[in-house]
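First up is the structure itself, then whatever we jot down about it.
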Amino acid sequence: MESPGPPPLYTPAISQDANIVDVDDQLLLCQDGYAWDYILVFPALPQPMSPLGEVFHRLHLPTKKAKTTTPTVDEICYRLKKAGLTLKLACPSASSSSRHLFCLVRGSRQILAREADRIDLLMPMNKDKLRDASHRGFPSCGIAPFPIDDPLHQFKLSPYDSIYFRYTCRDDMQPLYAKQGPHDALFTSSQRILLLESIMTNRHGGAGLNLAKLKHSNVVTTYFSLHDVAELSRVTTSWLQWGQYPWQQPLHAIQRYFGSRIGLYFAFLGYYTTWLIGAGAVGLVLWLVELSDRLPKDIVVAITSTLVIIWATIFLKSWKRRAARLALEWGTSNFSTLEQVRPQYVGQMLPSPVTGQPMLYFSKREKSRRRCLTWLLLTCLIALVAAVVTAIFYLQFVMLERGYSIRVGPTEVVLAGPVTSVANIVQIHAMYYVYNQLCEAMNEYENHRTQSSHEGSFIVKSVLFHAVNNFAGLFYITFVKTYVGAACAGNDCMGELRLYLLMIFCFQLANGLVHDWVVPHVRVLYSQCRARGTSAAVSSKVEAQFYLLDYSWRVTFNEYLGLAMKFGFTILFLGASPAMSLLTLLNNLIELRSDSTNLVMNHRRPLPRQASTCGQWTTVLEYLVTLSILTNGYDSLVFKKVHEPENRRFVVVYASNALVVNTNDPGASLVQLRAFGGFVTAMLVVRYGVTTWIKDVPHDVAIQLKRQAFLATKVYVREADDVVPVYESTGSVRLLPVDSASPV
């Protein structure tokens, strides 16, 4: 008797109304230069019945179906087709054990152009055609020629560079738009994806699908944008080159393919790394000077701490100006978006007080109560970190009291410092995983309405917790240890801080390598092998992309978080180790290579998202720079106290100065406080001066935005010139003096 074969692959029923046809990919490539841009993945296996439903099914009893507003697969395909999109269904390869149905989606040039007109998509203009139009004017609309020139060469940009207009389907505007896509198409691949997503989610003439809600309700397994193999190959060839300098990244190609949000991340990483080259060189010189004892360590600490604050202040201001220039070049200076309600958002369905349409309402009182509870829980987690750090340093105190040490050759090594450093590393990573398990639940409990609000709240909580978790031990050594517990080994708190700092930083560097290089490769291989159940290669390119890792907003969040924490290590405690800037430079060079390779090789193509700045991350770095003024000004007060029994004096090293203070002098504390206050005041004045005197937006960028607004009124809106009546004397009018006595 033959054994039954494997169960047939279940495919959702697709009615004829869905009108899904088989389209030749090569024909599409020849016609439009692109084939498929988007994919919806449906679960091809039927959903399992509940135990009660299975009993009813076996007894052939009728069951009452729950009313649901979630569209079926057939309805989804029908809606997409009615919106003018082209669909193609694909099944997994024969060697795969995957039970999914792939629905490929594309839009014709006409459909995409119509949607771009509806959403007012900003498009770059052809500068030559725009210049010709300004020289001709539009006489039929009452617009005289309006040539724009820069005869004094005051600005870097020509008057017609980086000009963006809203897209319109008007025939007279079509020649003015820059052709960016293949075969002289208007739209890039990332713009096509944005337009497709807009069509699928638009409720007025589109498909009206809430993709996030469909995924949340398991109607759709996932959805993502497909890689354009030819364009990705060009980006990879110019990007992933060994020996490429940080400032040589093809940022415009990255932005065109992955969107401006990811483009800004790599622009910031490359810009930060470039600035670290100068900081690393200065740090190396100061470190060598410190080792050679050519200058007192007090002076080296003072110079290092002062320079790092000035460097960080100017760097952040310079980056804001760079981001403003990139936003101009990418057309995102005035970017804004209308967000959908998150599918996880819950509330009471009530009529809107504005439109009268039903909407979800969530009580403000309940919202405030939930946020108070989450912040209370966050405070408890921070208190737990403080308690663990205190316990670690109490362990160090006990080990010093009992004299635990080992002998390495002729040298006796005290174990208290290394053991507590390792314990601090374990504490950081253990609390990191504890927090990650709780933070998402905490943020979901707050019930944010939009995704941007959800992400913003997540960033604020995470940065606060991780800053305390990473820096608590270092702050304890800096601010607390001199006054409580055991003294530093050899009365050298600076050396102990340096040991802690280097061990934690180096461990995080190694941990980052594992997470960025090893873990993604292993996860991709595991998912492919598990789905196939065989060693055969995946034959379908679509299926191969499905098994790659999802590039969600949490990936970029983790990358920014890692950069922010290492930025804090660099500027908060650089006085303890001038070579820290070199380690940060090494970390960034590795990060630049690993992040780009990981994005291209191990992840699906991210949905392109627009952004004009790095958002809240720039604010986080600003707060860290301000905090560094306090740490670099106060650290030396508690770090190094060298006892000199001959004259009963202490050398107290400030980051702002080097003072020799007699401990018997009753005014010593006041002198120390004045020195600290003077340093903090001076650095705050420097920060305020840089912030006030240097604008966030360069002058030529501001002028170009004004040019763009002017050109839009003339070329796009066709606003007629102002016409003022001009008096022309004909000589036939004679003015007579008015006699005051005569009646008027």
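In case you wondered, yes, glycine gets a Cβ from its N, Cα and C as well.
Annotated in TrEMBL:
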- 69-230: domain 'Anoctamin dimerisation' (DOMAIN)
- 254-708: domain 'Anoctamin transmembrane' (DOMAIN)
- 264-287: transmembrane segment (TRANSMEM)
- 299-316: transmembrane segment (TRANSMEM)
- 372-395: transmembrane segment (TRANSMEM)
- 499-518: transmembrane segment (TRANSMEM)
- 567-586: transmembrane segment (TRANSMEM)
Leading contact stretch, 264-287, 372-395, 499-518, 567-586 vs the transmembrane segment (299-316) - CB distance under 8 Å: 567-586
Beyond the flanks of the transmembrane segment (372-395) by at least 6 residues, Cβ under 8 Å: 419-420, 423-424, 427, 431, 434-435, 438, 442-443, 445-446, 461, 464-465, 468-469, 472-473, 476, 481, 485
Tertiary contacts of the transmembrane segment (264-287) (same chain, 6+ residues out, Cβ under 8 Å): 245-247, 249, 251, 254, 300, 303-304, 307-308, 311, 315, 318-319, 322-323, 326, 556, 559-560, 563, 567, 574, 577-582, 584-585, 588-589, 591-592, 595-596, 611, 613-614
